[in-house]
Amino acid sequence: MIPSQMIVFLVIFLQSYISLAYDPNPVNDYCIPRTEFSSIFLSCKNTSLVTVDDFIYSGIKDPGNYKHTGFSSIPVSSTVFPGLNTLGMSFVRADFDIDGVNVPHFHPRATETAFVLEGKIYSGFVDSGNRVFAKVLEKGEVMVFPKGLVHFQMNVGDSPATILGSFNSQNPGLVKIPSAVFGAGIKEELLMKAFGLNDKEIAKLRKKFVPQ
């Protein structure tokens, strides 16, 4: 019989391997999903029924509502834009109020390129050696964030800013560091020791980052 510890290790290993796997190469020119079927059993439209509208998306023409938090993101994946299905890519529109922040986060399955459409953005990432690569980007500039590395953005201009992010995965994933650490139910004692905080400070952070 396989020891229970070994089973746990194998489960964790397989989950990590699957979560970091690359998108498969498509076997057709495109595959527009048939909406009448469950997404579990993907089936493509007959090509004779595909139209140009399947390859056009208008959902990011206008900015998101960033007034409450200072930041808004509109992800665009094959879920809302069927034309992206099987093409191994997705993207996001991010809008920043003045001083707005996109908190440190990472995408476990994709490299991201971030193109500044409007404004001035302090943008950067941290590599596995804890070296920070950051700079203020202006309109027309682009920065790349390597897959799986923590990155961040902040509007440092005197007007709202907008970024268009592109991913080399249909499902890049998103892990926001503050929410993952303080909003996921990690044992309070561990957080207190790891960050040198007391129980009241931990409770305050948890109240802020626990999903509502």
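First residue shown is number 1, and so on along the chain.
Every residue gets a Cβ built from N, Cα and C, even glycine.
A TrEMBL annotation is a machine prediction, not a hand-curated record.
Taken from TrEMBL, the feature signal peptide applies to 1-21.
As annotated by TrEMBL, disulfide bond applies to C31-C44. Cβ contacts within 10 Å of C31 (disulfide bond), excluding its own Cβ and spanning all protein chains shown: 20.
Taken together, the residues in the domain 'Cupin type-1' (58-203) have a mean pLDDT of 96 on the 0 to 100 scale. Taken from TrEMBL, the feature domain 'Cupin type-1' covers 58-203.
When other Cβ atoms within 10 Å of the Cβ of N102 (oxalate binding site) are tallied across all protein chains shown, the result is 23. Per TrEMBL, the feature oxalate binding site maps to N102, H107, E112.
The Cβ neighbour count for H105 (Mn(2+) binding site), using a 10 Å radius and every protein chain shown, is 18. Sequence annotations record features per position, and here TrEMBL assigns Mn(2+) binding site to H105, H107, E112, H151.
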In the structure shown, which of the recorded positions C44, E112, H151 has the fewest Cβ neighbours within 10 Å?
C44
About how far apart, in whole Å, are the alpha carbons (Cα) of E112 (oxalate binding site) and C31 (disulfide bond)?
23
Find the shortest Cα-Cα separation between H107 (oxalate binding site) and the recorded positions C31, C44, H151, and name the residue that gives it.
H151
May I have the list of same-chain residues other than H105, H107, E112, H151 whose Cβ is within 8 Å of the Cβ centroid of the recorded Mn(2+) site, in sequence order?
F106, A110, F125, F145, L149, V150, G165, P172, L174
Beyond the listed site residues N102, H107, E112, identify every same-chain residue whose Cβ lies within 8 Å of the center of their Cβ atoms for the oxalate site.
V92, H105, F106, A114, F145, H151, G165, F167, P172, L174
